[in-house]
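Student: One structure follows; several queries about it will come next.
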């Protein structure tokens, strides 16, 4: 019986979606613009990386050709040097969003059909009733922020006041999120999580996709820094995801990274949540090596997005892509005959773009495994085609959305 590994390179988009203009993202292209910046010398950082973007293993799987399908051009340095060794294509999202839950749920076969609730870019950003309910139920002296903000910028601006007053920092973005930042020691990590659980309930009537705990440490004198103890409190997806199908069939499932949070811990099997892309990939490979027949490992690599995309850090993003590329041989080595690996993304986050938000982009679809004949998949009209294809590969009943490419 076959096994499958699905890897989401968080935010690694490959060109603006057909409707990107509706989001202010027409012309965005995460991978393409990083490659162009590196080719022009704008991706260099002493001690980190230099020169053109070097992704020989991803190029051999068809990444450059997937980019060409999405934008009409192969990014600098991403043309394959020999025959492509995977099925390759690009996918567009049917859900009206460019957020993590929408992307992942659609990949898993359940596109979001109703619009998420969003908070206006005003100050205050949150309805007074929401804030009052959170303050009362969580026993808070008040909140700070109450605005759209970059997470790293707002803790630098308000971290000292937060420590002094005990008021958590609450902020949002263009995504459907309510984020709460608090000092792990001064406020307490478990107290932050409990505050977020309350906020999750308070935000439900507003159809907010995620409440996110953003713990940090440090001081005004030495600077504040986020820790690895982020936790997402998501709305549960509609029934019928690939994960639900696997659970019903009694299959082994391992969720690595923030997959458990994204799917509200429903049908996510054994959850492993290390810190950082490298540790997450280590955990996924270890889990896959011992995975029984018919099993599934679902991996999210979030550092592309959080550490580099939102921070508009081209050299850092390029280095992260190159680090993943170097480890592709390890991924290929754990695949046995009959196994399938799919590499994709959930949205874009072009580090050359304006602002600090996600970008509405198409995503790569790279599928490979021993014995799989390489071919072009073309444009997939929904991210759900990936979930449908994995389900078919694993011998599960068809999902409610998506067309398998088999």
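Yeah, the Cβs are placed from backbone N, Cα and C, and that goes for glycine too.
Annotated Mn(2+) 1 binding site per Swiss-Prot: 10, 346, 347, in sequence order. Residues or ranges marked as Mn(2+) 2 binding site in Swiss-Prot: 305, 310, 358.
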Student: I'd like to know which of the binding-site residues 10, 305, 346 has the most other Cβ atoms within 10 Å of its Cβ.
Tutor: 346
Student: Enumerate the residues of the same chain, 10, 346, 347 excluded, that satisfy the criterion Cβ within 8 A of the mean position of the Cβ atoms of the recorded Mn(2+) 1 site; list them in sequence order.
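Tutor: Leaving out the recorded residues gives 8, 9, 11, 12, 13, 100, 103, 104, 305, 345, 348, 349, 358, 363.
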Student: Counting other Cβ atoms within 10 Å, pick out the least crowded of the binding-site residues 310, 347, 358.
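Tutor: Taking 310, 347, 358 as the binding-site residues, the minimal 10 Å Cβ count falls on 310.
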Student: At the Cα level, what's the spacing in Å between residue 346 (Mn(2+) 1 binding site) and residue 310 (Mn(2+) 2 binding site), rounded?
Tutor: 15
Student: An 8 Å radius from the center of the 305, 310, 358 Cβ atoms defines the neighbourhood of the Mn(2+) 2 site; name the other residues of that chain inside it, in order.
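Tutor: Output for this site, in sequence order: 10, 11, 306, 309, 347, 349, 356, 357.
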Student: According to DSSP, which of helix, strand or coil covers residue 305 (Mn(2+) 2 binding site)?
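Tutor: Where residue 305 (Mn(2+) 2 binding site) sits, the three-state DSSP reduction gives helix.
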Student: Measuring Cα to Cα, tell me the gap between residue 310 (Mn(2+) 2 binding site) and residue 10 (Mn(2+) 1 binding site) in whole angstrom.
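Tutor: Pair distance, Cα basis, whole Å: 11 Å.
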Student: If I take the alpha carbons of residue 347 (Mn(2+) 1 binding site) and residue 358 (Mn(2+) 2 binding site), what is the distance between them in whole Å?
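Tutor: Taking the Cα atoms only, residue 347 (Mn(2+) 1 binding site) lies 7 Å from residue 358 (Mn(2+) 2 binding site).
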